[in-house]
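Features reported for this protein in TrEMBL:
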- 6-27: transmembrane segment (TRANSMEM)
- Asn78: N-linked glycosylation site (CARBOHYD)
- 80-139: domain 'Potassium channel' (DOMAIN)
- 87-106: transmembrane segment (TRANSMEM)
- 112-132: transmembrane segment (TRANSMEM)
- 162-183: transmembrane segment (TRANSMEM)
- 171-252: domain 'Potassium channel' (DOMAIN)
- 195-213: transmembrane segment (TRANSMEM)
- 225-248: transmembrane segment (TRANSMEM)
Amino acid sequence: QQISWTSLLLLGYLFYLLLGALVFQLLEKQAETHFRDQFQLEKLKFLQNYTCLDRQALEQFVQVLMEAWEKGVNPEGNSTNPSNWDFGNSFFFAGTVVTTIGYGNLSPSTVAGQIFCVFYALFGVPLNLAFLNQLGKALNAHLLTLERWVQKPGRAQVQCQFAILAIFLTTGTLLFLVFPPLVFSYVEGWSYGEGFYFTFITLSTIGFGDYVVGTNPNKHYIPVYRSLAAIWIVFGLAWLALVFNVGADLMERYLQLKWHKSDLSLAEGDTTKLEDEPEHPRIHIPS
């Protein structure tokens with residue numbers, strides 16, 4: 001039965017991945033084709049306006065821009081852009097390493113930096129997991145204290161647990177998912193939807209890197225802006241990890257309950273069928 005449950009969960013997991021792949025393909029492929037055609041059209045217009053350039057020279061310049069972007073250098077602006085490796089940005093990058101977010105917009109380019117990053121992550125990721133685990137235990141202890149304070153004689157325990165869970169989810173949602181996009185929208189110039197998208201993608205450690213705070217060369221950020229963002233990420237990770245754990249536990253219990261109920265109904269059906277059938281004559285085999 002355990003093998004059957006594992007197989008069912010595996011099939012559901014694969015189905016969910018296939019469903020996501022189909023939906024993303026339907027939503028994004030046409031837009032990607034449009035942007036690709038638009039980019040090629042812009043390159044043709046550029047060559048027509050500047051006849052002194054040929055296509056090969058333009059492609060080489062585009063390659064230079066791509067390499068600069070991969071090295072964390074924003075092609076916009078000039079050489080007066082702030083460094084990507086000042087203390088605030090380095091602190092933020094260290095946080096993205098140990099939390100496994102890995103935006104991808106910035107990475108070490110020197111061999112020494114790459115080797116150090118490997119060993120830094122090797123010890124930093126377990127340290128971060130231990131810290132988040134301890135932080136989660138502390139949050140859970142506060143939730144238990146709040147539950148004992150709220151619970152009164154005569155009130156059902158299940159109702160109190162649901163109330164505490166609702167308070168936990170509401171407070172965390174406001175602190176980590178609702179209010180931060182307002183700040184990012186104001187500072188970065190994003191829409192609220194973009195800020196909310198960045199917030200969730202970051203706290204879930206998905207970290208695509210299409211939106212990263214403190215990277216616009218046309219804006220002047222306070223020195224501690226990205227450091228404060230890194231601290232927000234750490235506490236947001238602990239909260240969202242608890243939410244994911246609760247959600248995974250509830251989902252697993254619900255699916256297992258449905259699976260066991262179906263097994264029990266099938267078993268009862270087989271028993272009823274045997275009882276309805278006439279008893280077969282017993283055959284005595286002499287010893």
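Cβ coordinates are placed from backbone N, Cα and C, and glycine is handled just like the others.
No curator has checked TrEMBL annotations; they are predicted automatically.
With a threshold of 8 Å between CB atoms, the same-chain residues lying at least 6 positions outside the transmembrane segment (87-106) that come near it are 72, 117, 120-121, 124-125, 127-128, 202, 205-209, 212, 214-215, 223-227, 229-230, 233-234, 237. Sequence-distant neighbours of the transmembrane segment (195-213) (same chain, 6+ residues past either end, Cβ-Cβ under 8 Å): 96, 99-105, 176-177, 180-185, 187-188, 225-226, 229, 233, 236-237, 239-240, 244.
Secondary structure of the domain 'Potassium channel' (171-252) per DSSP, as helix, strand and coil residue counts: 58 helix, 0 strand, 24 coil.
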